[in-house]
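These features come from TrEMBL:
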type    : residues                                              : note
BINDING : 175, 219, 372, 376                                    : L-aspartate binding site
BINDING : 219, 220, 221, 227, 228, 229, 369, 417, 418, 419, 420 : ATP binding site
BINDING : 369, 372                                              : Mg(2+) 2 binding site
BINDING : 369                                                   : Mg(2+) 3 binding site
DOMAIN  : 142-446                                               : domain 'Aminoacyl-transfer RNA synthetases class-II family profile'
REGION  : 197-200                                               : region 'Aspartate'
SITE    : 90                                                    : site 'Important for tRNA non-discrimination'
Ligand code: ATP
Ligand code: MN
């Protein structure tokens, strides 16, 4: 069963104009069988699309036709046949088969429909994720997500970032806090890391200068929302000799690059999802936190409670302000900068002139936060003060603080949630749709 004998082409690689009359081998799943009496069709599906296998009764070997009709839906088959250009068929061709081999039969009934004719609840889809992913809409999401991650890697390599892997089993919390999953680590307690933050900063002291990591983060958040996961994928960067402005520039350029690549390279998947991708315009608009407060309090009457300096921008305000920006600029992406120092983690750099605000930012998309970033506090004393100001214990950060005493350059960075990036790009209703096997409060399997 060598691959060489099982597939010469993916379905979408056949070009009816140049491949007409050629013998090809396709392998995939039986998407549908239609027996219309005089003519029988099998629709074969692989991850690239669907091909129609056409058998005219009078012209087809009786045994072959009989075998074809007996295939069950979603079985794995391999078909050897001749390409015939046919404008009305999917991808503009049909296959006239010479052999149809059943490679592995699917049991019936199927746990879920794959043709899109029956709408399934998200929970049912996730329970049967292996088969849900055969639906072309689901496949499209993950083909696009793959391109998103590829484009980000390419973009960051081109901008002199090196890829790193930091530990996910850690002894201390990144930011204190309670959103941690404890695990047993031999005879000690350890945690699943909520962010690579501390490690990527330590690498700045090592002189790596520009690092990135695309990896899992774990958050023991109990809430059940459409934008929170308990295991997410973070796209993290950290860069030296840079401030928050430099970091924002890299971030907005990265987002535009991803959108541009997806629009160009994933046209078919976008069409399957009915998404008309609008590439964001550069530069992204920046609103200072206090400006946002002013607008929310004075120009957005729907807001329920007036906001004061130091308040977090809650979900309702986030949505209303996102709409406000969109109506004003026609853009979905924007920055909120200059957050109060006390609302941001200890590693954000306080502003030199106004220490009550920090050199920090969030990058937003209409309805949610996509990224947080900042220039970091790179001076040992400032950092220790800020750790204490958050009520945390300096001693438990010793491994992190040491590098700051032996040559730490100024630096900054950000983290973007990969799933939220894909979710907002494709207008998905729920972040779980952008994860192969999501982990949430209730779901630990599959
Ligand atoms: P939020 O306030 O929206 O819960 P956060 O401020 O706690 O997010 P950060 O710690 O700033 O999140 O993490 C950086 C980015 O990682 C976020 O902007 C988001 O895109 C993503 N992210 C963080 N937590 C989650 C999560 N639980 N599920 C999905 N993505 C997440
Ligand atoms: Mn954040």
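Keep in mind that glycine also has a Cβ here, set from the backbone N, Cα and C atoms.
Feature map: TrEMBL annotations on the structure.
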residue	record	DSSP class
90	site 'Important for tRNA non-discrimination'	helix
219	L-aspartate binding site	coil
228	ATP binding site	coil
369	ATP binding site	strand
376	L-aspartate binding site	strand
418	ATP binding site	helix
Residues near residue 420 (ATP binding site) in space but at least six apart in sequence (CB under 8 A): 227, 365, 368, 369, 370, 431, 434
For residue 90 (site 'Important for tRNA non-discrimination'), the one of 219, 221, 228, 418 that lies nearest, given that the binding-site residues are compared by Cα: 418
Tertiary neighbours of residue 221 (ATP binding site) (same chain, Cβ under 8 Å, six or more apart): 179, 228, 230
Confidence summary (mean pLDDT) of the region 'Aspartate' (197-200): 97
Residue 372 (L-aspartate binding site) to residue 418 (ATP binding site) - Cα separation in whole Å: 13
DSSP-derived helix, strand and coil totals, residue by residue, for the region 'Aspartate' (197-200): 4 helix, 0 strand, 0 coil
Neighbourhood of ligand 2 - recorded positions from 90, 228, 372, 418, 420 with Cβ under 6 Å: 372
Residue 418 (ATP binding site) to residue 219 (L-aspartate binding site) - Cα separation in whole Å: 15
Sparsest Cβ surroundings (other CB atoms within 10 Å) among the binding-site residues 228, 376: 228
